[in-house]
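Asker: I grabbed these lines from TrEMBL:
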COMPBIAS  544-557  compositional bias 'Polar residues'
COMPBIAS  575-592  compositional bias 'Basic and acidic residues'
COMPBIAS  593-607  compositional bias 'Low complexity'
DOMAIN    62-193  domain 'N-terminal Ras-GEF'
DOMAIN    229-498  domain 'Ras-GEF'
DOMAIN    645-731  domain 'Ras-associating'
REGION    531-626  region 'Disordered'
């Protein structure tokens, strides 16, 4: 017989049990069956029969996927998910359960309540009155434990007691003696016990604490930096990024985990993510230090260093290292570097075009759609897919790429982790943890897993890299003394003031400025963010739209319901370029939503007054948070957009870490007291002090919207400017 299958799915509604709600899908499979013999006689070709001579049979099966449940039901479902055809459930649960339970709580339920073979016949798990049923349960328990150890072995790293691992070992000795699983757990316990507990800084290979005794931090020597070939620098940065990214524990990225990192008791929370932040910032600050650290540099020498870093960024692009690529671009777009107009005028046209193309990768248009699509396109590709609108750059790119291909070694992909952190934090803000009846909302965890799965895929791809550490460069990189924001801005002003404007003849100056203005916006032109597409450059000041600067980079990292750490740019009040700042020199751990001075007050309701101590305009450009990674529906609340009666706003505390934002979900039913209370809770302040604060929306640099005490925030806010608010103590 020959067979062919056609599968259709039908929504089967919900099934409600005590402590759980399930989504039901009916899977209908149509089987076409025909006898091989006589097929040709009946007019069929080969083994295929004409439609009128086929026999159709239908099989219908039910797929149950738990939607919400108590912790007990979610753990029990680990044993029954395969029977319900919910094949991804175990992986989803293991990747996300830390958001609502501890490893110990899950292990105790799994082993004591559902996995105890001696007491299981008392009704906790049905149909265990026979030896066959016991064998089935033993196999199910072993399957779950094996997946747990494979996917999340770090859950059992609990020095110095390792209580969960010892409990598991004791269970295996009693119920599965001399099994491979028992040996595996014993080996894991020995491995943990023999390893030193790594400190937070231990994850970062670039920590200054790794310096050899007697070695001191130093400002980069331009000659020493120039001695490193561009591709060597890119490879070493990639080597360090790969080592850190592969160590990232996926659940550390969950919005509910990452958003708690700044609480005093959580100073060691999510160390693997913190390490990537430290590395990102180290790269950003290294770029700034090498450009500004030596006062004696001439304009052309400083321009050559900028060109070198652009070439290094291009090499990172070839290596598919989007983390260091973004760090370098962010540094070049920071306040202290972009304002070096005279220096940028000495950068060659081809390299400026290369810089522009690299910057466009991180355009914040449509929720960073370009970088998202590029990342997913190259996640599993062997080599980078390079495209350039400039012929000379295209030739160089293809030549370098061919050299990589000739080595015959596949490349992985190192992402900019902040994109995923942003998505997970937005999901955590937009979706409830619990649903009616106090049940854990597991649909939220399925959505989070879609992002976590992308991180895991990219981590696997990093195994393809074959990079050898260059200790000479690594030691040089570690020795670099990073400039503070104040230092870098001061040096930037000195460098610009010392520039010899007579180096270029008036004619060549005019030609240079004209050439540059065809690429970027001039200092006297400012296009509103919505109208420009990453046209900004340090040459002519920033556009304020999408030159993802250091602060932008960090912003994505911390763009949260969390503590979006923002850093005030280093520009001084008298700096004429301040209004067009694209970021700070701070790097990964900064995040600030900008208020464009061009947007105007819009159609606001309420009283508008002087902003006083409002937001610093030298900040990251506004971001339209479109759909979340891959599959978030349009109806999901997002920042800067009102949709179906809800949206996400960002609230900072005036006078107390006023550069730190918290993302808060509001609906069209929320009034000032509700929003104020949630904002206070997010900022770890006393929620009962609602009456002591007023909520203010920042309209522009010098205007703000003050809400009456009982106003409806959703309808009263100005939806034509950024959804950035300040919580201020009443006078």
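Using N, Cα and C of the backbone, Cβ positions are placed for all residues, glycine too.
Nobody curates TrEMBL annotations by hand; they come from automatic prediction.
For each feature listed, report its degree of burial, its nearest neighbours and the pertinent distances within the displayed model.
Answerer: When DSSP labels each residue, the domain 'N-terminal Ras-GEF' (62-193) comes out as 88 helix, 8 strand, 36 coil, counted as helix, strand and coil in that order.
Within the model, the domain 'Ras-associating' (645-731) carries an average pLDDT of 87.
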Asker: Please list the DSSP helix, strand and coil residue counts for the domain 'Ras-associating' (645-731).
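Answerer: Here the numbers are 21 helix, 33 strand, 33 coil.
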